[in-house]
Amino acid sequence: MSRPVKAIGLMSGTSLDGVDVALIETDGENVAAFGPGRTYAYAEADRALLMRALEEAKPLTDRSARPGVLAEAERVVTERHAQALAAFLAEFPEHRDVAAVGFHGQTVLHRPEIRLTVQIGDGPALAWAIRALTPAPGPALVYDLRAADVAAGGQGAPLVPAYHRALAQGLVKELALPGPLLVLNLGGVANITWLDGEADPIACDTGPANALIDDFMKARTGVPVDRDGAAAAAGRVDETVIARLLTHPFFSRKPPKSLDRNDFREWVAVHGGLDAMSVEDGAATLTALTAACVGAILPHLPKRPATLIAAGGGAHNPTLLAMLRERLGVEVVTADAVGWSGDALEAQAFAFLAVRSLRGLPLSFPTTTGVPRPMLGGVVIAAG
Ligand SMILES: Nc1ncnc2c1ncn2[C@@H]1O[C@H](COP(=O)(O)OP(=O)(O)OP(=O)(O)O)[C@@H](O)[C@H]1O
Ligand SMILES: CC(=O)N[C@H]1[C@@H]2OC[C@@H](O2)[C@@H](O)[C@@H]1O[C@H](C)C(=O)O
C-alpha cells in the first residue's frame, strides 16, 4: 500500500435529500481507515429549486451552460457544500488536515448517448471556500469526475464500482462471504457492482430505486419518503403493472448502462396506473418495481450472485429488502452488517476517487461504464 492520506468526499445524489460528507484514509487502492460521515439535509426550498433545475436542464446540449434557474441552483449547491464541509470540520476539527476533497456536485442531466452529463457545482468557488476552513496549504479539490468518461464514449456512471471492489477485497478475506457478491446502491436510482474474485467487476444502473417512490409519496401525502417502507408494507403489489413496466427496452440491454434520475417518470406515468391506486398499493407497487428491476439484471450477469450487499437510503427500507430477498432468491445483507457504512458509502467513494485521480489511477473501466479503456478523470485544483 502507498501512503494513505485523509480524503473527504462530498456527494449530492439523485434523491435530492442532502449533501453527504464522509472521510476515509486511503491511497486510492485500499482503504486504511473509515472516518466519520454526515448528511446535511436540503431545506424544502433547496429541494424545490433542484427539482426545477432538473426540469430546466432537460433541453441542455452544452454542459457548461447555466440558463434560467440553473445558475441559481449551481450557486446554492456550491454554498450548501461549503456549509456542509464547514459543519463537518467544526464537528471534527482533527480532520482539518485533510489532503484531498472529492466534489461530485449535483447531476441535473445525464444523456451519455449524446455524450452529455451535467453536474452543477462550482469547483473553483468551493476550493476558495475550503481555503478558509483548512490550514495552508489545504487539500487538493477534485471535481467533475464523470466528464472524461462520457467524452470518451462511456456511460459516465456508475463510478462507485472501483470503491466497491476495494472494499470487497477486505471483506472476502475477513468474512468469507459466499460470492459472487452484488453490491446494490439504493439511492434515487439503483446501481449494482458484480464482484467475483479476480474477474473484472461488472456494473450498471438497474432502474429506479427511491426517486419514484419519493415523488409519489410527495404528491400523495406531502412527505417525500415512505419512511421504513410502512406504506408499501400495508399495500398490495400489482404484478400486472410490474410486468408491463418491465417491458421497457432498458431492461433487455446488457450492462454497462446508466440512467437519468427521471428516465422512468413518464413511462410510469403512462403505464403505471398509479393514480387509480391507494397510497399503500402505489407505494407497494413502486417498491416491488425497484426490486424487480434489480432482478432483471441477473440474466445479464456471468454468474448468479450468492450475496447481495444493500447500501444507500433504500437499505433502511425493510419492505424493499424483503422484496429483494423474495424476488431475487439471494442472501440480502446490509452494508452496515458487513462493517461498511451504507449511508456514507457514496461520499466515501468520491473521496477514494479523488485520491485515485490525484495519483493518476483510472476511475472507470470498460466493464463498469463501457468506456473503451480504463479511464482517468476529474478536474484538479491543487492545494495551496
Ligand atoms: N428510513 C427510510 N425508509 C425508507 N426510505 C428511506 C429511509 N431512509 C432513506 N430512505 C430513502 O433513501 C433516499 C436517499 O438515499 P441516498 O442518500 O442513498 O440517495 P442519493 O445518494 O441521493 O441517490 P443516488 O445514489 O441515486 O445518487 C431517500 O430519498 C429515501 O427515499
Ligand atoms: C449520472 C449520475 O449522477 N448517476 C448517479 C445516479 O445515482 C445512482 C446511479 O444513478 C449512479 O449511476 C450514479 O451515482 C453513483 C454515485 C455512481 O456514479 O456510482
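Glycine residues also receive a Cβ, built from the backbone N, Cα and C atoms like all the rest.
The ATP binding site annotation in TrEMBL covers GLY13, THR14, SER15, LEU16, ASP17, GLY18, VAL19, ASP20. Under DSSP, ASP20 (ATP binding site) is assigned to a strand (E or B) in the three-state scheme. Listed in sequence order, GLY9, LEU10, MET11, SER12, GLY13, GLY37, ARG38, THR39, ASP343, ALA344, GLU346, ALA347 are the same-chain residues at least 6 apart in sequence whose CB falls under 8 Å from the CB of ASP20 (ATP binding site).
A C-beta separation below 8 Å, combined with a sequence spacing of at least six in one chain, links THR14 (ATP binding site) to THR107, GLY187, GLY188, VAL189, ALA211, ARG261.
Screening the binding-site residues THR14, ASP17, GLY18, VAL19 for a C-beta under 6 A from any atom of ligand 2 leaves THR14.
Here the binding-site residues are LEU16, VAL19, and the one whose Cβ sees the fewest other Cβ atoms within 10 Å is LEU16. Ranked by Cβ neighbours within 10 A across all protein chains shown, the binding-site residues GLY13, GLY18 are led by GLY13.
With a cut-off of 6 Å between Cβ and the nearest atom of ligand 1, the binding-site residues GLY13, THR14, GLY18, VAL19 reduce to GLY13, THR14.
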